[in-house]
Amino acid sequence: MTSNGGSPKPTPARHLHAIALVGFFIETLREWIVPIAGGVIGSLALYRKHPLLFATVIAILVVFALVWPVLKYFTFTYQLLDQEIYVKHGLIFRKQNHVPYDRIQNVAVKQWFFLKPFDLVTLEVETAGHSDEGPEVTLIAVPLSLRDELSSRRRLANIAEGETAAVSGLVNGALPESQSETNNTANKPTAVYEISTKDLLKFAATSPAFLTALLAIMAVYGRLQKLISEQLLDMAIKDLGQAGWVVIVLGMLAVVLVLYLGSIVVIVIQYYRFTLSLSDGQLMTVRGLFQRNTVTLAQSRIQAVRVSQPLLRSWLHMATIKLIVVSNSKKEKDTENVVIMPLIAEDDVDGFLQRFVTDISVDQVRPSRQSGRTLYYQLRNFGLVALGIVLAITGMTFPWPRVAVIADGITIVLVVLLLIIPAYLTARRTQVQVLNDHFAFAQTNFLFTREQYYVPRQNVQSLLVKQSKWLQQRHFASLTLNVRAGSEGRKVTVRYLPDEAIYSVYDWYRQVD
Amino acid sequence: MENETEQLPRQITHFWQLTAVVTAIIIGAVGGGSLAIGLSNNLSFFTVCGWLIIGIALVTLIAMLVLVPYRWRFWTYRISDRDVELHKGYFFRKQIVIPIARVQNVQLDQGPFLRWQKLQEIAIVTAATSHKIDGVSPETAEQLKELIMKLAKEARNDL
């Protein structure tokens, strides 16, 4: 390691480990699956008349699928230079990518279990730039030691640049930069958390993820249902009689159950042995069963802290803590919200944040008085939308045959479930307050999930107050805090609160530093 | 240092009026097309839709034209050495605060209509958002840009 002493010499241009060939092969297949499948199917017609031609086409495809990854592999080199990572790749389109160390936002390390014996990992380097193509640099199958080499070079670069250059404007004064940045990475972490099996199972079992899958399936079903004519469905129901209903209901329950169990398995695989550690102002999470997934990020890059609580978890008084960070990947939604604590008891959130993130003083959050008017405004807005939907759908199915009555019934139940109850929850949960000079606290609701945001003043990019003439008469207003999340902005919006609270945040935001 | 609440230059109203007309013409053209298809092929659905869309175009035109003075009267901005404030609307009031220290860059745009009125649009870009000032004179735009960028640099050095 070259972390002590002058600036390290640039490494020679290196190729990836030969195992990367497999990775490139899979990537090639994924990218070319449509043309290849098209070629094979297209040339099937040739098979009878010109078996030789067919064989040639297949042979060309096979050779291509084998040679392309090899070419990709041999043209791909990476190099750690003085101030930047330098990646060169491409055969026909030669691409050269320079990523300065001080622009790196976070480095993700992924390791498939079968690569563990070889100490090989995939490194994903992210900057704050806007790019649709995922991480700035992806290095498949490089030695694990490269990560340490990279981080020591990053540290040196940051010291040289005075750290403010990191992401100008996003630098966060409220979350103190660790003092011991110059120390070795080998330092013992100052705080460690590892999820227990019980918590992992609880986390998986209370996740609302399967509902998303359920909604997707319902959407597909809706499309299919259009194909089946109503009379046919009606007849089928009549034929099956009473037993038919039982079959349909049981079938639906079975689908839900399978989805639910499936989501538990997926989440357990994803979060298997979740570990969080803090050392040198760097937070590191490691998780995953088949693929160990490591994300490292500097405390100073945290934009805001988000504590979310889906319905099931709020009944259990448990919550999930996420960090809103800057990244440039649009594909992977989870990179803008790094989960640092899958499941924690409500009462422990305070201590946890003190230990791992910063002095947020969760205990300063004052219980706020809810106003009946907030509830009135929310119910009015959501209620009008709900009424519109119900009228439109019941109107469309007018003479109301039996199937339509059932469909209308389901619509009304869904509208109440997805609009009216959330409207009530939103009104009850919405609040905003200033905690101290550096932090504001906002609580919002989405569907059934309560979201709490602890936002440092330095990271609020801009602020919007909305107040109509009529709201002004009642002394109510709405507020939006704009923060950077992932590759774009996120709005933290609280609607219809007494304007006293809103303007206290407004004044807090405009105060002199 | 200008600390006054400023209004957009009067010419912006001409730009808004022209935008209203062009918007209405585009919507109206769609309606007209639908109407032509409906009448020539005797398709009542297209005819009805055509009249409806033309009606919408007219309503849009009138509403937008009528609202221009209101929009102008209540569209103000203020630039101090700490932040940029934008105010919009009277009945539905919006106040936006952008601290200078958060400004990432300032973008000046000028389309053909704005060029005709000798105006320039300013977009103030932060790490999360972009806020527009619909149109100011090119000199003001240049000044504002210089000011914001200068202040942004100073503010950032303080961090």
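Every residue gets a Cβ built from N, Cα and C, even glycine.
Source: prediction; values computed, not measured.
Copied over from TrEMBL, here are the features:
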type	residues	note
TRANSMEM	A:52-71	transmembrane segment
DOMAIN	A:73-143	domain 'YdbS-like PH'
TRANSMEM	A:203-224	transmembrane segment
TRANSMEM	A:244-269	transmembrane segment
DOMAIN	A:271-350	domain 'YdbS-like PH'
TRANSMEM	A:379-398	transmembrane segment
TRANSMEM	A:404-425	transmembrane segment
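With respect to Cβ pairs under 8 Å, the transmembrane segment (A:203-224) is most closely packed against A:244-269, considering the stretches A:244-269, A:379-398, A:404-425. Mean model confidence of the domain 'YdbS-like PH' (A:271-350) amounts to 83 (pLDDT, 0 to 100 scale). Residues 21, 24-25, 27-29, 32, 36, 39-40, 43-44, 46, 91 of the same chain lie 6 or more positions beyond the ends of the transmembrane segment (A:52-71) yet place their CB under 8 Å from a CB of it.
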